[in-house]
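What Swiss-Prot records for T10, K42, L74, R88 is substrate binding site, and it gives sequence analysis as the kind of evidence. Annotation source Swiss-Prot lists ATP binding site at T10, F11, H18, G89, L90, R91, E99, H124, G125, F126, L127, S128, S129, T130. Per Swiss-Prot, site 'Transition state stabilizer' is recorded for H18, and the stated evidence type is sequence analysis.
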Amino acid sequence: MTKRVIYPGTFDPVTHGHSDIISRAANMFDHVVVGVAFSPSKKTMFSLEERMDMLVQATAHLNNVSVVGFSGLLVDLAKDQQANILVRGLRTTMDFEYELGLTTMYKKLMPELETIFLTPPEEHGFLSSTIVRETAIHGGKIDQFVHPYVASAIYQKVKQ
């Protein structure tokens, strides 16, 4: 039986922390579906298409990873993608508290959906999309935190 997992997020932008989780999940499972969330109420730096493109570039070396956009319920994406495992990253206890609430809700909506939590290596434990965006907006260098293609896209966006 093929094990397909979903790794959802906004990925605005995708960071080395996200890429680490994707790579590790790709080593553990047959196929990783990266679900890029779109919510009209959430203001993002990049459009859904731009975020998906950055993820495709950042994961091009992984042949068992696909990138899809979605809006609506994550459990609907899991059903559509025939995945019954959700992969989430945990950096802090605040992440854990937030994710625990979501996991409980997902179980109510889709009892067969299991959640696997992966913790980042020390060098990515502090990293978030918000930190990367804010650093770039204020003129800081972000190259060490994101894929080169992503860094270029961020620098271009900040110039606008």
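Cβ coordinates come from backbone N, Cα and C, glycine included.
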- prompt: Given the binding-site residues H18, K42, R88, and counting only Cβ atoms in the protein chains shown, which has the most within 10 Å of its Cβ?
  reply: H18
- request: Out of H18, L90, E99, G125, L127, point to the one nearest L74 (substrate binding site) in space (Cα versus Cα); all of them are binding-site residues in the record.
  value: E99
Message: What whole-number Å value do you get for the CA-CA distance of E99 (ATP binding site) and T10 (substrate binding site)?
response: 15
- line: Across every protein chain in view, the count of C-beta atoms other than its own within 10 A of the C-beta of L127 (ATP binding site) is 20
- prompt: For R88 (substrate binding site), what is the secondary structure by DSSP, using just helix, strand and coil?
  reply: strand
Task: Provide the three-state secondary structure of H18 (ATP binding site) computed with DSSP.
output: helix
Message: Going by Cα-Cα distance, which of the binding-site residues (H18, G125, L127, S129) sits nearest to R88 (substrate binding site)?
response: H18
Field: Cα separation, L127 (ATP binding site) to K42 (substrate binding site) (Å, whole number)
entry: 20
